[in-house]
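What follows is a short report on a single structure.
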Amino acid sequence: MTSNFKPFDGPRKETRDETLGKDEALLSSLGYKQELKREFKPLEVRYLLSTSCRRRNEKNSFSGVAYSVIGLLPSLASVMINSLPNGGGPAMVWGWLVAGVFVTFISLAVAELGSAAPTSGGLYFWTFALSPPRWRNLLCWLVGYANTTGNIAGLASVGWGCASQIMAAATIGSNGTFHPSSAQIYGVYVAIIVSQAVICSLGTAVMARLQILYVTLNILLVVVVIIALPVATPVEFKNTSQFALRDFYNSNGWPNGFAFILSFLSPLWTICGFDGSVHISEEASNAAIAVPWAIMGATILSVIFGFGANMALAFCMGTNYDLLLGSQQPMATIFFNSFGQKPTLALWAFVVIVLYMTGSSILLAGSRQVFAFGRDHALPLSWWLYRVNTFTNTPLNTVWFTSGLAVLLGLLAFAGPQAIGAVLTLGVVALYFAYCIPIGARIIWGRRALRPGPFDLGTLSVPISLIAVVFMTFMIIVFLFPTASHPTSQGMNYSVVVFGGVMSLSICWYYFPKYGGVYWFTGPVKNVDIPVQGLEEQFLDHDDTEKAEAENIVQST
């Protein structure tokens, strides 16, 4: 007798082809055809974000949330010298926690927009879609240039941090007899940027598969700091809770309250680049779900693990702030005091490797944003930037364009340490400016216009977005202040000059007589034929007024 019984094995999972079909359909509804290969799986997207920012069903991708710690420890090593003089241990620990709360609000707002419209253009695309016709072209233009500037500054600051850490290892290995010059550090910096460009010139699949290695190294580094550092630190370098958590150290001359706020640069720079996963969304599987959860998973776990790492460092760094700050690499000094020379060099090698990997991921994401901006004809040489290499199926030209500008930005090192240090601040300021505009447009003009994606904040969207915009606006102003209260020409914060210069030039070019962008830039340019309802259904409710506005958007492109 033949049985017709078939065991129940649960709902059928989508095949990869079905998932990719939905991704391509969503991208098409936004006006773009699929040009890049979708090699990044949801788990790998989450890693990329954290260093900025699979064929399985998206529910299984939560196993990859642990690599939100990627880039965390090396980034902390790069910016620890900024938090120590603005509060010492209390600023490291409590400043991280306070800033982490606001960072979470920002990531929620960006994640919601990324779920609704996962495209490589990201921030400037959302700005155009959510802004009124009178302002959308200009705002889209400004956000695109701010985003490009922030990504290049992020690559440059990570590359410079990596070069400085390599030189710190050389100093430790020489028992303090070697002291690198700016030219030597710059030479290493150029080598780092060029080699990262070579890696990013390979097929996307290569970068995607490397994520497992990145994850493993980062987890090990964080575990070493949180667990092994307190165990290995000699008694004379262990601090009391009073010193680590309460005794405020302020060496820059600002009032303690303002100094504490300045210490936010450490967490805000470390946990930045929320748009990284958005820019590679056209190469990610199940992007509408993978992108927002990548943003949130990375942010929350980075806040948690970063708090733990800062606690360990604050209790194990000793009490001599002058020694730590004088070394220019406080974390390397802490490791040396706790582990000794050879173990420190071994551990520091992994710190350098992970920061190098972080830079390569930032370059990957930044090059995709440049590709999208070139696709919409907004950049000089857009005809050259908007090209996909037929062999690797990647935009090679944008990789080398982005890395080339980062090499030029690194020349600020010859203007002094404050000038190159401003690049670190510039990355946060430029990206926060680029985040504020689309999120603000969502609040002011787009509350009824946005068609939410799978990640929807519902009634909490507006208050969360409002908190995010207010905080970012405040921090932009703060980070443009000089480090010390009575600065000299050498101690000025040059990020205001660089960012102000870039934005001023972009405005001048936009309004330049006869040839400026005001005469030809119309926002995102569709390269696939879709009905008017395509963009309309993705962003707008079916209200007669909004339908007419959606039609204007599509026709203008």
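A Cβ is built for glycine as well, from the same backbone N, Cα and C atoms used for every other residue.
What TrEMBL says about this protein:
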TRANSMEM  64-81  transmembrane segment
TRANSMEM  93-126  transmembrane segment
TRANSMEM  138-166  transmembrane segment
TRANSMEM  186-205  transmembrane segment
TRANSMEM  212-233  transmembrane segment
TRANSMEM  253-272  transmembrane segment
TRANSMEM  293-315  transmembrane segment
TRANSMEM  345-365  transmembrane segment
TRANSMEM  396-416  transmembrane segment
TRANSMEM  422-445  transmembrane segment
TRANSMEM  457-481  transmembrane segment
TRANSMEM  493-512  transmembrane segment
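Counting residues 6+ beyond its ends, the transmembrane segment (93-126) has Cβ neighbours under 8 Å at 26-27, 30, 32, 36, 83, 86-87, 140-141, 143-144, 147, 244-245, 260, 263-264, 266-268, 271, 274-275, 277-282, 284, 287-289, 291-293, 295-296, 298-300, 303, 306-307, 310-311, 314, 368-369, 371-373, 375-376, 378, 434-435, 437-439, 441-442, 450-457, 461, 464-465, 467-469, 471-472, 524, 538-539 in the same chain. If one looks beyond the transmembrane segment (457-481) by at least 6 residues along the same chain, the residues whose Cβ comes under 8 Å of a Cβ in the stretch are 102, 105-106, 108-109, 112, 258, 261-262, 264-265, 268, 425, 428-429, 432-433, 435-436, 439-440, 442-443, 447, 493, 495-496, 499. Proximity of the transmembrane segment (253-272) to the transmembrane segment (422-445) is established through 3 or more Cβ-Cβ distances under 8 Å for residue pairs spaced 6 or more apart. Proximity of the transmembrane segment (138-166) to the transmembrane segment (396-416) is established through 3 or more Cβ-Cβ distances under 8 Å for residue pairs spaced 6 or more apart. For the transmembrane segment (422-445), the most Cβ-contacting stretch among 186-205, 212-233, 345-365, 396-416, 493-512 is 493-512 (pairs under 8 Å).
Counted over residue pairs 6 or more apart, the CB atoms of the transmembrane segment (345-365) and the transmembrane segment (186-205) come under 8 Å in at least three pairs, which marks the two as touching.
Comparing 186-205, 212-233, 493-512 for CB pairs under 8 angstroms to the transmembrane segment (396-416), the maximum falls on 186-205. Sequence-distant neighbours of the transmembrane segment (186-205) (same chain, 6+ residues past either end, Cβ-Cβ under 8 Å): 36-37, 39-40, 155-156, 159-160, 162-163, 166-167, 283, 356, 359-360, 363-364, 367, 392-394, 396, 399-400, 403, 406-407, 410-411, 413-414.
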